[in-house]
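**Q** Below are the structure tokens for one structure; questions will follow.
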Amino acid sequence: MTVIAIVIGAAIGAPLRFLVDRRFSGGRSAGFPLGILLVNTAGALLLALIVAAAWSGPIAEGLAVGLCGTVTTYSTFADQTRRLFADGEHRLAWLNILANLVLGTLAVILGFAVGSALA
């Protein structure tokens, strides 16, 4: 049952990441990668909430591993940052690094606070 829940979560997370990225970054290769920042931040928030609330079982695994694991993406974040540097967009590259680290960390802190209150 757990594997099925993870597959279902992944089937939701991967297209969701694609759609959010297209919606907020417009599928452009230039400019600030807002879509990936949003999915990484939201995924960090949800995963922290699940962990702090000590949810367990197939649904929790489906959300944590399946959904959060596929909606978030370190590799795309790293490649977009590389691209920004290569295009001479150094300020946007550093902003992307800083925004992902700071917002991701704040999302985890918030997720743990909310999850702990729900536990």
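Quick reminder: no glycine exception, Cβ is built from N, Cα and C everywhere.
What TrEMBL records for this protein is below:
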TRANSMEM  32-53  transmembrane segment
TRANSMEM  59-77  transmembrane segment
BINDING   Gly69, Thr72  Na(+) binding site
TRANSMEM  97-118  transmembrane segment
**Q** Look at the binding-site residues Gly69, Thr72 and tell me which residue has the greatest number of other C-beta atoms within 10 angstroms of its C-beta.
**A** Thr72
**Q** By a Cβ-Cβ criterion of under 8 Å, what residues six or more beyond either terminus of the transmembrane segment (59-77) are in contact with it?
**A** 2, 4-14, 16-17, 21, 33, 36-37, 39-40, 42-44, 46-47, 50-51, 96, 100
